[in-house]
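Quick look at what Swiss-Prot annotates:
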- Thr5, Ser6, Asn7, Glu8, Gly9, Lys10, Ser64, Phe138, Gly139, Tyr140, Asp141, Lys159, His164, Arg165: substrate binding site (BINDING)
- Glu34, Asp63: Mg(2+) binding site (BINDING)
- Asp63: active site, proton acceptor (ACT_SITE)
Amino acid sequence: MYFITSNEGKFREVREMASKYGIEIEWLKMEYIEPQGSSLEEIARLSAEMLAEKVEGEFVIEDSGLFVEALKGFPGPYSSYVFKTIGNEGILKLMEGVENRKAYFMAVVAYFDGKEVRTFTGKVEGEISREMRGTQGFGYDPIFLYGNKTFAEMATEEKNQVSHRRKAFEEFFRWLKENKI
């Protein structure tokens with residue numbers, strides 16, 4: 001089965017999780033224009049349907065986002081674009097002087113089995129830090145606090161124990177084991 005992503009960090013994270021279930025995942029590095037949608041689930045589903053016309057066989061994709069309570073859920077489904085334009089520095093700037101730092105990461109995995117698309121969701125609650133911390137991970141990891149550490153201060157294995165991506169992929173891997181393998 002392919003995992004379609006242009007993000008090598010995501011692929012490594014998911015391959016490590018899949019191996020614990022005895023599932024082999026191959027990386028299909030592919031750029032694609034992500035459709036716009038009002039939710040991660042809608043974007044993941046539309047992306048999978050679009051890719052199903054180009055990719056033979058079964059595959060999985062994942063879309064994730066950072067949702068900041070004080071910013072009314074922003075950047076949410078626009079997380080990738082926002083990261084490319086204003087990055088972590090921009091989010092920290094928007095949060096200057098804001099006391100409510102609550103945020104969560106959400107991930108939606110969309111699996112295409114050759115016929116239909118199924119989605120699986122994972123979520124992890126945390127806060128936005130006051131400065132960037134850590135060098136591990138990617139994306140918003142340096143500003144997402146889980147307990148007393150940012151995701152970027154955690155080793156991959158530690159982050160994988162609690163991450164939104166892990167929760168979504170574990171739900172998927174369990175379903176796959178019960179229904180397909």
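Backbone N, Cα and C define each Cβ position, glycine as well.
Recorded features from Swiss-Prot, shown on the structure.
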residue	record	Cβ contacts under 8 Å, 6 or more apart
Thr5	substrate binding site	Phe11, Trp27, Leu28, Lys29, Met30, Ile61, Glu62
Asn7	substrate binding site	Phe138
Gly9	substrate binding site	Gly137, Phe138, Gly139
Glu34	Mg(2+) binding site	Ile43, Ser47, Asp63, Ser80
Ser64	substrate binding site	Leu40, Ser79, Phe105, Met106, Ala107, Val108, His164, Arg165
Asp141	substrate binding site	Gly134, Thr150, Phe151, Ala152, Lys159
All-chain count of other Cβ atoms within 10 Å of Gly139 (substrate binding site): 21
All-chain count of other Cβ atoms within 10 Å of His164 (substrate binding site): 24
Neighbour tally for Asp63 (Mg(2+) binding site), based on other Cβ positions within 10 Å of its Cβ: 27
